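To keep things clear, I will list the structure first and then write my remarks on it.
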Amino acid sequence: MNQPNRGQILQTVFSHFFPVASPDSELVPSSLHEDITPILRVAKDVEDTNPRSLFLQDLDIKSVDDSINILSGHSHALDKANELDPTSSGRDVRQFKNTILQWLEKNNESTLKARQKSSDAHEMQSFYQQYGDEGINDLLNAGAGSSSSQRTKIYQTAVVLYDVLDAVHRKANIKVAAKILESHAEVEAKNKIYVPYNILPLDPDSKNHAMMRDPKIVAVLKAIRYTSDLTWQIGHKINDDEDVLDWLKTMFRFQKDNVSNQREHLILLLANVQMRQTQRQPNLLDDRALDTVMEKLLGNYNKWCNHVGLESSLRFPKDKQQKVVQQRKLLYTGLYLLIWGEAANLRFMPECLCYIYHHMAFELFEMLESKGSKKKYKPKNPTYSGKDEDFLTKVVTPVYKTIAEEAKKSGEGKHSEWRNYDDLNEYFWSKQYLDKLGWPMKANADFFCKTSQQLGLNKSEKKPDLGDGCVGKVNFVEIRTFWHLFRSFDRMWSFYILSLQAMIIIAWNETSESGGAVFHKVLSVFITAAKLNLFQAFLDIALSWKARHSMSTHVRQRYIFKAVAAAVWVLLMPLTYAYSHTSIFIVAILIYLSPNMLPEMLLLIPSIRRTLEKSDFRPVKLIMWWSQPELYIGRGMHESAWSIYKYMMFWIVLLTSKLAFSYYVEQIKPLMGPTKEIMSVPMPGYWLPEFFPHVKNNRGVVITLWSPVILVYFMDTQIWYAIVSTLVGGLYGAFRHIGEIQTLGMLRSRFQSLPGAFNACLIPNENTKEKGIKLAFSRKCHKIPNTNGKEAKQFSQMWNTIINSFREEDLISNRELELLLMSCWAYPDLDFIRWPIFLLASKIPIAVDIAKKRNGKHRELKNILAEDNCMSCAVRECYASIKKLLNTLVTGNSDLMLITTVFTIIDTHIEKDTLLTELNLSVLPDLHGHFVKLTEYVLQNKDKDKIQIVNVLLKILEMVTKDILKEEIKRLHLLLTVKESAMDVPSNLEARRRLTFFSNSLFMEMPGAPKIQNMLSFSALTPYYSEDVLFSTFDLEKENDGVSILFYLQKIFPDEWKNFLERVKCGTEEELDAIDYLKEEIRLWASYRGQTLTKTVRGMMYYQKALELQAFFDLANERELMKGYKSAEASSSGSSLWAECQALADIKFTYVVACQQYSIHKRSGDQRAKDILTLMTTYPSLRVAYIDEVEQTHIYSKGTSENFYYSALVKAAPQTYSTDSSDSGHMLDQVIYQIKLPGPPIIGEGKPENQNNAIIFTRGEALQTIDMNQDYYIEEAFKMRNLLQEFLEKNGGVRYPTILGLREHIFTRSVSCLAWFMSNQEHSFVTIGQRVLANPLKVRFHYGHPDVFDRVFHLTRGGVSKASKVINLSEDIFAGFNSTLREGTVSHHEYIQVGKGRDVGLNQISMFEAKIANGSGEQTLSRDLYRLGHQFDFFRMLSCYFTTVGFYFCSMLTVLTVYVFLYGRLYLVLSGVEKELGNKPMMMEIILASQSFVQIVFLMAMPMIMEIGLERGFYDALFDFVLMQLQLASVFFTFQLGTKFHYYCKTLLHGGAEYRGTGRGFVVFHAKFAENYRFYSRSHFVKATELGILLLVYHIFGPTYIGLFTISIWFMVGTWLFAPFLFNPSGFEWHEIVEDWADWKKWIEYDNGGIGVPPEKSWESWWEKDIEHLQHSGKWGIVVEIFFALRFFIFQYGLVYQLSAFKNKYSSLWVFGASWLLILILLLTVTVLDYARRRLGTEFQLLFRIIKVSLFLAFMAIFITLMTCRLILPQDVFLCMLALIPTGWGLLLIAQSCKPLIQQPGIWSWVMTLAWVYDLVMGSLLFIPIAFMAWFPFISEFQTRMLFNQAFSRGLHISRILSGQRKHRSSKNKD
């Protein structure tokens, strides 16, 4: 066998890495990717053309192999192998080489036989010359006719082919021909020019490209390429197309791809801004556009300079030409973009970028000035300008490494022990720190904490005397404590506490004292206020203690002075209050309030306050110093006076109602009488030991009774907020015309107004649309004058585009499509729009019947037609169509003359109103029938019907047949035949919803639409990790519980499946399965109905389609518009116009998907990467950004390697040389930009880091963030340019909005009742909830997608999210916090909607709620919320609290109220106090009863009812509410209350917050019992068991009555215990129960855990993970955990005195002590048993059994003795169990908290055994009732109806699905 020639590596990749016939170029190891992949791709292109050339290209790849030295002696192969990877040490390299080699050995002979020339060298030369002749030369001859992508592809291919040719010639010692060398030199030069581009092709031959012909882009290009005044570095070769960015790259050493990326970014930014301005000089860059961009881009930098007291580095030459000044502005602007584009993770630190930019801009200024100076000296070079990539390695990398090192500490450390992004950024807010850091950055500065050697900085610098440590937290420390709630919102808590004190004083003294005395006592609230102020000052110092060394001097002084002042007032207030004259105390109060008077007075004049707060003037700062900390952010946030008045009135009404209700009805006044009576009642029958015997007036009882009342007082504001916000939101929505069109009937009634509304809203119009209150009361619409007008044509094309989109999405059938489409052809004699047939349904048959019955009564018929405009239009159109049809069908002059005469007579009678009187229309129904038959025959156009047609024509007028316009005949036929059935068109509920919402939105307030050229440009960004892209055939057919996803979707969407079959022209599923190529269509159909990336991409790419159509409307003339956009798209004559439309759309819109793992998926052959590539091929404008991890081997370091990271952007590569057009699998991507990073970019929260990586590739002035489980619609895309105009309108505010909030539609609501509950809850939040947040409250933030950001504003202020680990878990809302703190404004708009998928299973929903609760817990600790709470005015602060963490805190108080109430009652009944009090506690229960379900009903139901009522009618809202209750919605919401409570408290106490991926799948399948137990054990089951025991004890010893509040607690207990099983599909199926029991037993087995065993497999592993958070909790968290665990000992303390031996006999503490002795003996016994089991259980089983029997007998002997002596009664055994269970659990909690102290093998093993026993018993007790109910089949049927009732109403036959499961299983069992 011949030795394989050198370089043979290509096709072997394929045989091992990918099982196809040719190699996959995408599976090359990352270390070889850059060199090998281009060769493999070219090989694939030429494979079928010349197989030997393919093989020879493989030969060149073989040169990477040295470890298998087949070609020893060939020095070139060895050299190249050593150069790339001589030891094959790279990841997968050896495997790659071996596989290639195997293929080469197999295919060498076959390729030799196919060789056409005498040698490989001649073969390769022949092919190269052929390629040059046929490829390159044809390309050069084509010139402008070829696209830039084609040119790029061909030149890249030619370069690769030459490399192979050169290698083969050198191997054969043959010189390459001179002609080929000359050709190659030219190709090499061209290849450097024609590089892959993103949007703008900037190569010289692209001047005729539609985008490059735009005068604005030409002007910007001309401006940035003006470099004649710039001095280049010595040796630099200047090219004609170089620009100012190239100069900046050369001087500051930026990366090439960064420069290319920001060049396009800058060009598009400037061009888009210039498009909106009035042109002065069309071919020159307008200074106004440049100033606008520069001001917005560098606005934050200028503010920063003013704040830190630095002179701006933006300095411009005086008395210079405009070109020079403009060039300087471009340099400054470009410099910032280049810094930002290469800053990587530093983009989260905007002021750090300001610091870098400040120094680099000053160096730029010095360079430019030195060049223009008259003095002769060498121009100054930048500090970091030595080598390529110096900016990355010397500026970005040191800061990045500091971030990375700090992030490593975040793993298990406390927030206070490491610096997050905000801490590091705030370092740059202080000039003293900037001076310490210096420029160039000092390696030993306290910012870094690293040595200069580690950072690679200048080691020769002298170290300043800064100490060895690094600076810590600067302005804020996140301490994990509940006190953050008081510290952040101290004014609110002070208000509540002082109001409560005042109300109690008034109620207590209402009848006993005079008004003056009561007033004097009420004034004592200021003493309390002083104490609260001191407490707040103490909290500020305590929680900032760890930052005491690093915070600025003025901040320290402020804290100290506030504490001292507060302490002084705490002393002065009581002294002055005790003075006999009240006036002195009032004077003291006025003096006390004076420091805060100025800010509160300025609240009424917000403009002055904003000015003062934003001022950096020292005297002003001194005045504001007391009330406002000197921070860079959080200043000037106040709204306009009108906005302040609105939310002030909102809160005045709310607080007045709340306080009045609390005082008069609920809490204060009604309780005063019972409280006084309790305090006066003696307590002789006290059963328990008294710890405080000298306390008088039963104060302990009063505290016990009042504690839950106080908690309710602090909690019920949330309920009042729900009430008031619902009313305000509903009223506001009604004025905004929400829900005006609710049904198809309403749509039909107002459809004729749609063209006018469309014209007013979506067509650029000089007339200003009505807004505000004028629009709220207006129903007037613009009218379209006639059918031949441009507006009518635009509306019909837009409407038809929407309807066609419905058909493509299979929402409507072909027949519905025909009924919904509008005719695009107009009759000259008709003066109205030809409406869709569904609007005219049954009008013709009715009109015919009316005409027959009204024979002779023409005026009556005319009046009927005048009243029904649709009927009139239908009759007139039908008449015109028949006239046209007959004139077309009939030939012959005499026949035509006869027809003309007949129609002339009819027209004459119509004009004279004598049609019915002069003509007999009684035969009109027969004539109607004949025309129906005629249209049917003509439509079918069959030869056999020609005789029939002739017969019909003879009956109506002797006509002949002729083929005419089919669409017109179709429409006429539908007009004649369609009756009542079309009244329900479309039948699909989703299509109805979308049509009604779109139509309704046209009557809502929105900005006018600008022309496409004048609209703001924008991008959409979707972060994607590893979710489903496109369902595979395997996934669709794989059965889960006997049901496949495809089968499930077919039942969920039966009408859409039927429409799909109709679209692909398959009558049955069998026909569908028989056609292979339709499998891809099935995958798409299913993916469009799931939460997949494919669905999201399709929706977002509707933007492109909408913009192209709108651009066509703007650019087309009358004639082109009448032809329609489709004719322009299809015809060659319209290609130029359509190319211009596409170019405009590309300029205005960019879509980037941030696929973080794309390169990993691609190199591993993951199907998700191929599906993403398919999306890029389907949508050429789609771009994918990803993180590329490239391994590079160090040749001289014995095979060591290093990973480098890149931000990369790819698009679908052009397929120039695809030999088989049907080969859809030959798809490749093409790297556009690849920007090197300083290290792994994911060092914080993954999602925001992923967004940050991709944001540099977005374009435009706005950025829409879209999640990968969202959907979009073509009709909504038409309104995007209106929405973007909101950025240019203040809408009554003082600032332009920086975030535009949009409403969402939850499209997963139909899956199950849980999905319905969740979607209703979510829908009310994203509509009425956010409506109120935005207006009037002005506290809407960013709650995720699909909000639209002011992109330039946010990219200079930290991005669209925050990424610090854990603290920014809810990364979205922090973007809203950040925007508001930096003087941004967030608005909300409901005339546009985006689809959103939500979780559909209980476990999914609970994980989502857990994530949000965790995030809210972290928000509570955050600096953002603290600053908002302090910088907002009082009323806006209240809004901020109750709409963020306040909701979760009030949910926590709701549950705590239950605990406090029950433990209080436990104390009362066990101590005998309740018996002494009689009926007094009844009052407490009555008051608390109103709070039981109010929280759930009002917080969840009220907004839902209001919003559903607005949008669909209040009858439907009431019906839905009742139906939700029948489907146990109260159970669901009560259960979720427990989820919020558990995870919010756990996060605040111990941390442990983490991202919880909920999945995007269809979760309607059964969850195992063990899985539910693991997830809900500690969050619900344990707490429910505790409450159940409390209720049980209370009912045993308490009164016999059962109050409403007690019933509600029992309901909560039952819900928390059994809701997971009640909402679990097939939860009561017996076969599932059996399987669950087996799985539970396997999981709960003791000692089956250990290292590496996942929690899903072992109870031990799960338990260790469950208590893991305690190991990392702080000391205070452990103390609080232990303190709360002590509550379980109350059971033992109370119940031990209820034993028959001690009851009413002994009340000494020795009884309680003796009980502990018994417990310790019992625990010791358990320990002995556990020890014996471990030591003797295996080898000495007999001895172990003897020990167990002995202990058992001893226990029984003692028990029988006690029973015999009557020391223990049977009921005492039960009481002992009730006391022992909580006590043991309390000991277990304490032991778990103290694990580091007691982690001895013996002790910890005992703890584990105790925990295992509790879980075993609790799980078994839970399982018993479930198994019992599974015996009864009707329970399972009821559960199925309850879970899936909503789906039943939409045609979902869940019973068929479940029966399919059972049949499937039974068939398996039989097999």
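Cβ from N, Cα, C; glycine included.
Predicted, not measured: the structure shown is a model, and the values here were computed from it.
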**Per Swiss-Prot, L1468 shares membrane side with F1844** = no
**Fill in**
Beyond a gap of at least 6 residues from its ends, the CB atoms lying under 8 Å from the transmembrane segment (492-512) belong to 485-486, 518, 521-522, 524-525, 528-529, 532-533, 659, 662-663, 668-669, 672, 710, 713-714, 1434, 1437-1438, 1441
**Request:** Residue list, the transmembrane segment (559-579) vs rest of chain: Cβ under 8 Å, 6 or more residues beyond ends.
**Result:** 523-524, 526-527, 530-531, 533-534, 536-538, 540-541, 544, 585, 587-588, 592, 626
**Complete:** If one takes Cβ-Cβ under 8 Å and requires six or more residues beyond its ends, the residues near the transmembrane segment (1602-1622) are 1402-1403, 1458, 1461-1462, 1482, 1485-1486, 1488-1489, 1491-1493, 1528, 1530-1532, 1534-1535, 1538, 1567, 1569, 1572, 1575-1576, 1580-1581, 1583-1585, 1587-1588, 1591, 1594-1595, 1628, 1822, 1825-1826, 1839
**Item:** Folded-back contacts onto the transmembrane segment (1581-1601), same chain, C-beta under 8 angstroms, at least six residues removed
**Value:** 1455, 1458-1459, 1462-1463, 1465-1466, 1469-1470, 1474, 1538, 1542, 1573, 1609-1610, 1612-1617, 1688, 1691, 1694-1695, 1698, 1778, 1781-1782, 1785, 1818, 1822
**Prompt:** By DSSP, how many residues in the topological domain 'Extracellular' (1623-1675) are helix, how many strand, and how many coil?
**Reply:** 28 helix, 0 strand, 25 coil
**Message:** Six or more residues beyond either end and a Cβ under 8 Å away: which residues meet both conditions relative to the topological domain 'Extracellular' (1794-1815)?
**Reply:** 1573, 1577, 1644, 1646, 1659-1660, 1663, 1667, 1670-1671, 1678, 1682, 1723, 1726-1727, 1730-1731, 1734, 1784-1785, 1787-1788
**Asked** What parts of the chain pack near the topological domain 'Cytoplasmic' (543-558), using Cβ distances under 8 Å and only residues at least 6 beyond its ends?
**Response** 416, 430, 432, 471-477, 479, 481, 483-484, 487, 625-626, 629-630
**Request:** Would you mind listing the long-range same-chain contacts of the topological domain 'Cytoplasmic' (1507-1516), meaning Cβ under 8 Å and 6+ residues beyond its ends?
**Result:** 729-730, 733-734, 738-739, 742, 1320, 1323-1324, 1327-1328
**Message:** I'd like the per-state residue tally for the topological domain 'Cytoplasmic' (1507-1516) from DSSP, helix first, then strand, then coil.
**Reply:** 9 helix, 0 strand, 1 coil
